[in-house]
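Okay, structure first, notes after.
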Amino acid sequence: MNQAISKHTHEHEHHHDTFKLLGFWIFLVTDCIIFACLFAVYAVLRGHTDGDLTGKELFEIKGFTAETFILLTSSFTSGLATLALHKGKKAQLINWLIVTVVLGLAFVGLEVSEFRTMVHEGASISTNGFLSAFFTLVGTHGLHVSFGLIWMTAVILQIRRHGINEKVKEKVTIVGLYWHFLDVVWIFIYTVVYLMGVM
Amino acid sequence: MGEKSKGFFVTGDPLIYGADVAIIVTLLGIIIFLTVFKKWGWLWKEWFTTVDHKRIGIMYLVSSLLMLFRGGVDALLMRLQLAAPNTHFLTSQHYNEIFTTHGTIMILFMAMPFMFALFNIVIPLQIGARDVAYPFLNALSFWLFFFGALLFNLSFVVGGSPDAGWLSYPPLSEIAGSPGPGQNFYIWGIQISGIGSLATGINFLVTILKMRAPGMKLMKMPLFSWSVLSSCITIIFAFPVLTVTLALLFVDRYLGAHIFTADSGNPMMYVNLIWMWGHPEVYIVVLPAFGIYSEIVSTFSKKKIFGYKSMVFSMMIISILGYFTWVHHFFTMGAGADVNTFFAITTMAIGIPTGVKIFNWLFTMFRGRITISQPMLWTIAFIPCFVVGGATGVMLAIAPADYQYHNSYFLIAHFHQTLIGGVVFGYLAGLYYWWPKMFGFKLNERLGKWAFWTWNIGFYVCFMPQYALGFMGMTRRVYTYGWDMGWAPFNMVSTVGAFLMGIGFIFQAWQILYSIKNGEKDVTGDPWNGRTLEWSIPSPAPLYNFAVIPEVKHDDDWWETKKAMADSQYKKEPPQYEPIHMPKQSGIPFIMSACWFVVGFGFTFGWSYVGLAGLLGVGLCLLARSFQQETDYYIPVDEVRKTEASLGRVG
Ligand code: HEM
Ligand SMILES: [Cu+2]
């Protein structure tokens, strides 16, 4: 055990940046497990409609297709933001992030109105097992998106204030990763809940 | 909820009034003490806002010992009630509440924080790091645990305790079966601290993967660090399941959903989910204990651990297999012979890597120059205890036979034998072993021996009769029984044993207080002639741990360094200090966790606005943190040099 050469201490600090990203990947693993459980619960309770309306009667193809389209586009624009980040173009970066946030808002808005219509049709979370599982699964995703919107807005404000520095770079990367992750989860919801529901 | 949860405050039982008075007196005492001695500022600056892993570790330790006390008092109350037939010391309702809080507290608010205490105190020192990967998150984890535990314990005086068992199966735990706030306390208390545990799992995994001293390859890493690594991986895969399960139960209770209800939902799904967390959980807590035993056996036999690679391998196997055994907790569900067979075999398979570890410990001791110190005593006591606990576990794993043992006192004896003999003995061994590193003095030997023997004799006297009681048909969670059952003598003996363990705990409290005044000082930083890096620095370690990050060449590196230093040819190079990069302290973890407490408290009583206000606070704290720019600082070289000199480590 000798004295470490001074190089190490310096390396150490650079590591701290990649640490955050690694930690965030692991967090995403845990979030994946959360969604996996919710999907499993949904699969078990899918048939527990107790003679009430089923997915086929409740889901509106137009609505969930629009939601899917909007969320996928927002994932694309968040990718464009990352590109602008790497090119160091602050204004472009901010603009793409704003577009992403606006699309995300539209998605959440559509989802809320979809939920409201369903509740008006007498299909609420307390109606039966199937709907409980539906609302918790889709609602958890929606809450994740809403949280991401606030987070992204905070990042936008920070870019405006401090410009593009190492810290900001890391934050944009991480929030972008989160956004893509939610997109992937949505694709599963789209397939397992909506498509298989209306088929 | 019986007679006592009508109002906000729990009333109707003299035991509870007594406790109320005790709590108020203690609280007032603390407040007066802090005010008179002007310690509020000190508390805030040195402890509440610290991000130093060593201090966080100590706070975990203190909390877990307090919770061991509370869980232990619960246990003694139950044993008193069961000591003789037809006792009317506790009502059935009160008994239900006590076994629920006992089990929950012992696992989630005693074992988990005790384990995190050791993670925090040891891991950075053992891998040659200056802190954990995310010091801020680490503080947040602690305060989440703290406020979660506080919320749970509050149920004792306001609202009423949960009473549906430590895993709260529905439909009993649903709103129809448990209408009061008790069950909500359970959900939110565990949920809040559980998020902290998950974060700790991520934190220490990254710490171990990324922050080892240069030269410390994974396969040169001490076994305790390996055990923490495997435990963290298990946390990462298991705790999210707990989070979901409790959240869904709350959705059922709060929004009237039907996920686990008996009518439109599926209660057995809850049982499956909760054990998908619950079984890995027992490995989460026992793996680090295995790591502790490995360190201790090797140190006090003055030998390298026997079969290092097989030790690592078996821990990894255990953490994977541990994920595929959950159904053994409910073979009686009726999943069918094929499913039960699968889970019986995986359960028994875990015995193999565990057996390998036992043999490795024995072979390490074989022909070693053994010193019987306090840590070693607990380690030696662990081995036979865990062998018996493991053997009865294999008996329980035989699915058809389990139809007989299921939920009997045989099971109670089995899991206490592994949890006390494996987990608690291990953590206590670790506590004795690393205590000098934490506080700079040793714990008194003589009192320690008294504690050791009362604990151990008490353990066997308490739990061996329970195996017999199980065979005689006594089921768990019964609050009383008649003379005609023939269970009286064994129960009486068992209660005597429980009180012996209680005396053991008192000896330990006495031992700690006595040693604070009279304990032998550890001036060398290496009181046990240790082998790993934590023993190469002063006790207690300075704020930055290592003035210069060590370069690791061997396994048991410090041992090899000491050998090299004994050589007359050894030349020590003067240390080259550099400014040290450290995280700044922060009050946000405390405030944010307090906000979570408000969230939990609000939703527990169905006061949605309070809960939402709490959530708003949490959000604001997150934003405040996100907007913070300067989160670290440097300790200048001069200060490092001065500190090292004052610790007697002149370069
Ligand atoms: C100090 C010695 C201890 C004694 C005397 C003791 C005694 C008891 C008793 C009497 C019960 C209730 C049995 C029943 O009525 O079903 C019980 C349950 C339980 N104990 Fe302990 N215990 C001790 C330590 C521990 C420790 C250290 C742990 C965990 C680390 C633990 C975990 C549990 C759990 C999980 C339950 C099940 C609770 C339930 O049925 O929901 N105990 N214990
Ligand atoms: Cu198990």
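Placement of Cβ uses the backbone N, Cα and C atoms for every residue, glycine included.
Remember, it's a predicted structure, so these values are computed and weren't measured experimentally.
Going by TrEMBL, these are the annotated features:
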TRANSMEM  B:15-37  transmembrane segment
DOMAIN    B:36-553  domain 'Cytochrome oxidase subunit I profile'
TRANSMEM  B:58-78  transmembrane segment
TRANSMEM  B:98-123  transmembrane segment
TRANSMEM  B:135-158  transmembrane segment
TRANSMEM  B:223-250  transmembrane segment
TRANSMEM  B:270-293  transmembrane segment
TRANSMEM  B:305-326  transmembrane segment
TRANSMEM  B:341-363  transmembrane segment
TRANSMEM  B:375-399  transmembrane segment
TRANSMEM  B:411-435  transmembrane segment
TRANSMEM  B:447-467  transmembrane segment
TRANSMEM  B:487-507  transmembrane segment
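Of the ranges B:270-293, B:375-399, B:411-435, the one with the most Cβ pairs under 8 Å to the transmembrane segment (B:98-123) is B:411-435. Ranking B:135-158, B:305-326, B:375-399, B:447-467, B:487-507 by CB pairs under 8 A with the transmembrane segment (B:411-435) puts B:375-399 at the top. Beyond the ends of the transmembrane segment (B:487-507), by six or more residues, the same chain brings 68-69, 72, 75-76, 79-80, 82-85, 447-448, 450-463, 465-466, 468-469, 472, 474, 481 to within a C-beta distance below 8 angstroms of the stretch. If you take every residue in the domain 'Cytochrome oxidase subunit I profile' (B:36-553) and average the pLDDT, you get 95.
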